Amino acid sequence: MGRPDPEEGQLPAPVKPPDGGWGWIVLLGCFVITGFSYAFPKAVSVYFKELMKDFHVGYSDTAWISSIMLAMLYGTGPVCSIMVNQFGCRPVMLIGGLLASAGMILASFTTNIIELYLTAGVLTGLGMALNFQPSLIMLGTYFDKRRPLANGLAAAGSPVFLSSLSPLGQVLLEKFGWRGGFLIMGGLLLNCCTCGAVMRPLDMGMKRKMGKAQDKYEAKEMLPIGGKSEEGISTTDGTKKGKKAKKKPKKGKKLLDFSIFSNRGFIIYTISKFILVLGLFVPPILLVNYAKDTGVPDTEAAFLLSIIGFIDIFARPACGMVAGLKWVRPHVAYLFSFSMLFNGLTDICSARASNYTGLVIFCVFFGISYGMVGALQFEVLMAIVGSQKFSSAIGLVLLIEAFAVLIGPPSAGRLVDALKNYEVIFYLAGSEVVLSSLFLGVASYCCLNRGKKEPPPENNPAAGGGSDTEEAESDVQEAEEHSSDNHQLAHSTDNAVVVANEEANHVAEEQRGEGGGCPAGDGEVLARDGCNADQMVERDSF
């Protein structure tokens, strides 16, 4: 209608996620980041034997490098959330890529195991954490309808990178030694900076201006030509001032939104995820040693993990496609519960596998179920809390998972040392996963479906935290109310003009019938010509 006034403030109008376009580049970056984050702590294990020889330490001492990386990846979740809400995703990812690369480069110059803990463990782990979480947040802002598929494709980065980084590390170890391998690995981690650079912030909307000039222009178009149009303009201005007076004061940006704990769905998800992590990672960690104890040769035992990884590559995107179906997506939490139940029953049923064929069958089904869990875990969380609060939610969830990671696998290892029986460990791990599945499914059905209906999460993306989005929503609501007022004013004005015309025609007919002959004109002319003042049309009131 009218041109905006540059002096007035701007109202951000939230834009729906594009579900494509530049989002595919963001998805590629998230694929790479996920691959590095999950596969790198496992891939560095190929250097452990050389580290044991150079530093004269045991296997448990070198294994702490991977453990510290994973602890930093999970335990620094709230720190990542605060940084993302304060500075945005792209700057945090750029800093994280530099830290991850610097950690491995500095690790190549270390002289003892403690220095390795601080460089390759703490510094690199922190850098990967600062990349992993923001990449998932950006993925949620660029995809909505295709988000399950996008999450599945991004999650496939973990098995793809694991199957490529481990052989690459072995080649680098043979040609350049562990120091040269660490140096080159540090250079590869600089690709995280490239992935961070492509995470272009998605604008919340095309900026709209509700300026004074636009209001006047619209009022002049809607109101009848005449002096009384100024009254409409002043009325519009008064309405605008009244709306501004009622506008809520701006809230400060929340660094970490703890209000998500009031969401029952989030509480259920967090508890079930904690129980899940206690047993989810135990079977793949103990699988190779379990196979060796049953008489399987070393090469064939190591190949079992390759089978899991190969199946996992295809299971994650396939599960993402299924989760994106119209009749499946509203019930994605139950699909996630089924995938956990599938994984737990696989562990329990394979506990008595005593030959290589039985272990291969276990790896096939475990790879499918493990891929389903990996593809759905963050999709379910996004569906529960929405993209606005996802940055805070994922940080808190990862922190809680960090405790489970530090409890589950180490406890399983101690039980193996004490009992010398892998069968009990598989039963225990499978039971924990099944318990988490049943808790998620039953609690979701009883507490959410039969209880008070939760309002659907907002789909408006906001990579910078929930407070900015709430402010934007209030501004948009104000704009809509203001627009509705203008429409009501225009509607009432049109009705008034119609009534005025009818009254004028009626008065003119009466005058012609009486022979009064009052001339047609406005109210002032009629009064001067001596006509009765009651005959004046009430147009002045409009």
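Glycine is treated like the rest: Cβ placed from N, Cα and C.
All annotation found in TrEMBL is predicted automatically rather than curated by experts.
As annotated by TrEMBL, compositional bias 'Acidic residues' applies to 468-478. Marked as compositional bias 'Basic and acidic residues' by TrEMBL: 503-513. If you look up TrEMBL, you'll see 23-448 marked as domain 'Major facilitator superfamily (MFS) profile'. Here TrEMBL flags 228-248, 454-542 as region 'Disordered'. Per TrEMBL, the feature transmembrane segment maps to 21-40, 63-84, 91-110, 116-137, 181-202, 266-291, 303-325, 332-353, 359-378, 390-412, 424-448.
The transmembrane segment (266-291) and the transmembrane segment (116-137) are not in contact, since fewer than 3 Cβ pairs between them lie under 8 Å (pairs 6 or more apart in sequence). Listed by sequence, the residues of this chain that lie at least six past the ends of the transmembrane segment (91-110) yet keep a Cβ under 8 A from its Cβ atoms are 33, 36, 80, 83-84, 116, 119-131, 134-135, 179-180, 182-183, 185-187, 189-197, 199. Below 8 angstroms of C-beta separation, residues 264-265, 268-269, 271-276, 278-280, 282-283, 286, 290, 333-334, 336-338, 340-341, 343-348, 350-351, 408, 412, 415-416, 454 of the same chain, each at least six residues beyond the ends of the transmembrane segment (424-448), sit close to that stretch. Residues 67, 70-71, 73-82, 84-85, 133, 136-137, 140, 254, 256-258, 260, 266, 269-270, 273-282, 285-286, 378, 381-382, 384, 425, 428-429, 432, 463, 465-466 of the same chain sit 6 or more residues outside the transmembrane segment (390-412) yet have a Cβ under 8 Å from a Cβ within it. Taking Cβ pairs closer than 8 Å, the transmembrane segment (63-84) reaches residues 37, 40-42, 44-45, 48, 92, 116-117, 120-122, 124-126, 128-130, 132-134, 137, 255-256, 391-392, 394-399, 401-402, 405-406, 463-465 in its own chain, all 6 or more past its ends.
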